[in-house]
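Worksheet for the structure shown next.
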């Protein structure tokens, strides 16, 4: 009998635990804010996030529930909106799927709140422009930006007898030849993911004006654009001259970073998010610059990317409800306080969209210092595809650009495959 | 059957039989090489996972098969805290155990009924379950999400408790039916003559005899439930209070820079319960496989 009672108690307790499931999305409680975030705890930026959350909780007495999601964040957010259970705020980058959130009604435009919350004056106008959709609505609150230069390992270049970084594509081809002859892999790139896609689109716009690049990347027409075709031909010329490391089409950005950090490639294209992970002994050998340009191209200097779409805040339909919007305002506004923005800039090694602290306040990292001080002088900035290429096309486009890195794929095949994305 | 009366013939046959046995037991180097090669193929990914869980990205990518230079457990503690794996493991255990119980409670009587049904209806019901195998898992995703929203069970564990058994019932019922059919009908008849009802027959005769089959189903279902990702992600969502460990794990994949050592340490943690369950149930699974081999 006693055994039966014990079993029954265990069974009831187990059932109670099993049935204590709470919603993953917005809480009905007006004093609880659910935030879906791509910023990982245990990282430098995650520590800043924890600090801001603690401050807001202390100031408001509210409970802020951080729900972390990595690469799955857009999928998780979109499906939760379908069930009306989305988080009140989503912190993520403006790229791919999130580009369509306001248009599709799964996020509320930040334009509705920027002036009323006094944030317009705190955010750099370039950042606000970058977050506008085709209707002129600011989609979310811009926060973290990036610089995306080309990294040159001067120690390896010197080993191959190269003393200055290449600024023209002819020099790049010549330097790649010297590096290959010296047994040093030249330019490493994650041809299998977004990093390869961005570099491909950077090279493809070498002969296009920014307006033309914006038109082609947003609506297609690669094959019909002579300038786009010249850019794609340039890409295949570089690829066939072995500028990129062997089997580039199979590499990912993480593999690219690791190989460059280990001194196993002389050049790579990577953004400011990678500065913090660069080994200290590598930093003094790294020179930042742009991607070399062809003669007769649209840019006078080598090109790099910059942008303010690294991360920002989206207000969800749940967060926009009367009961929640006040708490949402306090949470988002806290991030734009000068101390917090400066702390985040230092932790992320990149610029924030906050005017008061546009660049990291304390620069210990030599690569970050070079990005702030040197890069603007030696590069022109190319059109950043993240906010131009339609969100739904981004994933399939990465598959197509990966094929472009495979030897034997000619320019016509590449442009046709890209155009087919816009018509299918 | 003809008996062998001539001793000479019998001796010859015995010798021939021994000769065959000794041939079949003889050391076969090719077979050994192939077996060891196959074992190596299975071990390489496990070896890679274990050593990588103690490394950083640079070591993983630049010397993938080299032994780690230190055996620090930092990656494991990082994975545990950053992905909130504790609650994730509890949620996975709840979902797996409850879904497993529901599956067995439904599948065992269904299989018994089908196995003992003599008429056409039994055959139709069996084919009905078999038809469930034809539904591609991905095709059911959207209707399932709509159903969970309509039932007010979206982003709850409770929906997973109910939904996951439905996904494995067809295979569970069909496999268990085959095991139930192997039970001699005479046992059931004599039990019923002694006054046992259907439930008593099922509990006292069929379940004990088909335990190896039930264990097989339990292991297969455990693996399916424990490793479920897509439906768990969409239906239960990312909240640490609800999400399973398989949904928690990809939270370690960053948009720009993933620490693969931490990710693989997390993956190893999720594998531990699978090995524990296998160790507990593997004898039953082997019995079931041997039972099938003897029959064939």
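Here, residue 1 is simply the first one shown, and the rest follow in order.
Glycine is no exception: its Cβ is also placed from the backbone N, Cα and C atoms.
Bear in mind that TrEMBL entries carry predicted annotations, made automatically and left uncurated.
Check TrEMBL against the ranges B:89-115, B:224-250 and you find transmembrane segment recorded for B:89-115. Looking at the stretches B:5-29, B:30-54, the one that TrEMBL records under the feature transmembrane segment is B:30-54.
The transmembrane segment (B:30-54) and the transmembrane segment (B:260-281) are in contact, since at least 3 Cβ pairs between them lie under 8 Å (pairs 6 or more apart in sequence). With Cβ pairs under 8 Å as the measure, the transmembrane segment (B:89-115) is packed most heavily against B:159-180, out of B:127-153, B:159-180, B:201-223, B:260-281. Remote same-chain partners of the transmembrane segment (B:260-281), defined as residues 6 or more beyond its termini with a Cβ less than 8 Å from a stretch Cβ, comprise 49-50, 52-57, 59-60, 75-76, 78-80, 82-83, 85, 89, 92-93, 215, 218-219, 222-223, 226-227, 245-246, 248-249, 252-253.
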